[in-house]
Amino acid sequence: MTQLAIGEATPHGATYDGHGVNFTLFSAHAERVELCVFDSRGNERRYDLPGRRGDVWHGYLAGARPGLRYGYRVHGPWQPAQGHRFNPAKLLLDPYARRVEGELKDHPLLHGGHDEPDYRDNAAVAPKSVVISDHYDWEDDAAPRTPWGKTVIYEAHVKGLTYLHPELPQEIRGTYKALGHPVMVAYFKQLGITALELLPVAQFASEPRLQRMGLTNYWGYNPMAMFALHPAWASSPETALDEFRDAVKALHRAGIEVILDIVLNHSAELDLDGPTFSLRGIDNRSYYWIRDDGDYHNWTGCGNTLNLSHPGVVEYACECLRYWVETCHVDGFRFDLASVMGRTPTFRQDAPLFAAIKACPVLSTVKLIAEPWDIGEGGYQVGNFPPPFAEWNDHFRDAARRFWLPRNLTTGEFACRFAASSDVFKRNGRAPGASVNLLTAHDGFTLRDCVCFNQKHNEANGEENRDGTNSNYSDNHGKEGLGGPLDLMERRRDSIHALLATLLLSQGTPMLLAGDEHGHSQHGNNNAYCQDNALTWLDWQQANRGLTTFTAALIRLRQQIPALTGNSWWEEGDGNVRWLNKNAQPLSADEWQNGPKLMQILLSDRFLIAINATLEVTDIVLPEGEWRAVPPFAGEDNPVITAVWQGPAHGLCVFQRG
């Protein structure tokens with residue numbers, strides 16, 4: 001058998017140098033590692049990796065070229081009680097693979113064994129890693145680096161955003177190419193968003209359970225290869241990387257940042273009954289959190305949890321993030337179930353991964369947004385992430401809904417959430433931008449469904465409506481479903497307007513769910529992770545143009561208010577904010593805690609937000625001076641000048657001092 005040269009322990013993965021390929025694989029507990037390469041007919045040839053430096057195995061294959069398909073067979077103990085599940089009968093993906101050929105099918109040969117090893121060879125059905133050679137001309141690309149105070153995030157799904165867009169060439173709808181097409185760039189600019197946050201684009205798999213039901217994982221939170229782009233949204237697997245980078249480059253030229261939703265908390269290997277295709281077979285004990293009985297700690301709800309306190313896994317995570325920043329020029333990340341990142345196993349602000357990110361000159365300067373919880377004990381960590389992390393603020397989401405979709409909520413609680421939840425985020429030197437305010441996200445009701453449904457309707461997901469949260473704080477305004485008489489539809493419209501204004505005129509970083517500005521509905525499905533169909537795709541031809549115009553005007557208004565764009569905490573008497581009652585007097589202690597939902601918020605001494613969240617029309621006396629209503633609450637050419645606002649029920653209006 002041809003021997004490999006020893007090669008080098010870095011860089012990680014498979015690296016082509018023009019003459020051959022250097023291969024590396026981290027495994028602290030392996031006893032032997034075989035590199036397996038495949039020709040065009042699927043014939044396999046195996047080579048032992050001859051070198052080992054620390055826990056990294058390595059070797060160099062002279063003459064190997066880009067396009068080579070490969071995998072690993074890793075030898076070591078089968079000791080499930082100790083967390084070791086080595087099985088060389090199973091071909092394994094390189095965790096650093098930049099491209100993957102094949103899908104992760106629901107196939108018995110991909111199972112590595114539960115109590116006993118499954119020694120059936122899986123090479124015929126296993127996905128293969130592919131060597132790539134990377135050259136790309138970024139031209140004069142530069143990161144927009146939008147300040148947090150001016151950032152407006154737009155959360156979208158690559159396919160769902162553009163798949164039904166009639167103005168895009170049909171062949172690129174639902175693809176990476178579409179994201180950077182002039183039609184989409186113009187739309188983003190017209191809307192006024194500054195950052196496009198994409199649901200996972202790293203290659204993912206559909207869970208076996210979904211495959212058996214004829215469904216697919218649509219959202220992408222089931223990662224298979226963290227360094228490889230999901231190929232389904234490209235012209236071909238070979239062109240995916242360049243097509244994605246073309247989109248990033250086009251968005252950057254328009255001043256729009258690109259943020260990736262990334263899943264560094266579990267893998268698609270799932271629980272012990274899931275497929276063995278990579279990490280489990282490479283070094284189960286190092287990559288995952290293992291219980292005393294050898295099973296997984298399931299702090300993610302997905303069957304396994306990555307051990308991001310292990311030095312080798314910390315390095316893997318940081319290399320992954322650096323790859324997306326340096327190779328694809330992305331501007332930041334939103335971390336799914338991010339409390340896992342801080343587990344040691346208890347959550348710590350000085351956890352190894354946090355420390356590594358903070359110390360990295362590449363990663364510490366991009367936008368980092370945590371989903372600050374997981375489902376394990378002590379997993380809810382809102383407000384506890386260290387700088388430079390921002391966090392999703394579920395306090396804001398719930399308070400905004402409870403305020404406008406009648407629930408019990410004090411004026412004081414609403415004001416606190418409006419002021420970037422300083423009680424939660426004003427710590428560790430963080431600024432108001434650390435509070436990422438949202439009304440909705442991919443997970444949950446859309447904004448329109450918040451005003452049309454009291455109950456979730458997830459029957460299409462195949463779990464008899466058991467999945468998805470029951471805590472929606474929604475209000476159907478008297479009739480379940482989308483239709484209804486004119487007065488009901490008007491009340492729903494008013495509620496949507498009030499909610500959007502609250503989101504886009506509050507201190508903190510607003511995040512808008514793609515489609516909410518259209519009136520998109522998922523017909524009450526609040527967990528559409530497996531619905532790759534018209535339920536989730538945005539229907540641009542049915543979009544509510546008036547609502548889109550309203551949303552864009554709110555974003556423009558936001559950018560005019562220094563109190564919102566300055567990204568500094570409001571202090572008493574600093575001119576940023578005054579809290580007034582319906583008579584333009586400072587709110588009393590009783591009004592803060594027990595008063596009706598009537599208030600005025602004066603921002604930067606020039607912009608006044610008048611709020612009537614009661615069920616009755618109420619006169620609100622504006623502060624002394626001349627006030628004119630501003631778009632989208634009045635026309636540019638015909639501003640309404642008034643001293644008293646007759647506030648409609650569930651109404652909100654913004655005025656500017658003349």
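Positions of Cβ are set from backbone N, Cα and C atoms, glycine also.
Keep in mind that what you see is a predicted model, and the values were worked out from it rather than measured.
Noted in Swiss-Prot for the protein shown:
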- ASP336: active site, nucleophile (ACT_SITE)
- GLU371: active site, proton donor (ACT_SITE)
- ASP443: site 'Transition state stabilizer' (SITE)
- 459-484: region 'Disordered' (REGION)
Q: Go ahead and report the DSSP secondary structure tallies for the region 'Disordered' (459-484): helix first, then strand, then coil.
A: 3 helix, 0 strand, 23 coil
Q. CB neighbours of GLU371 (active site, proton donor) within 10 A?
A. 22
Q: Provide the three-state secondary structure of the residue listed as 'active site, proton donor' computed with DSSP.
A: coil
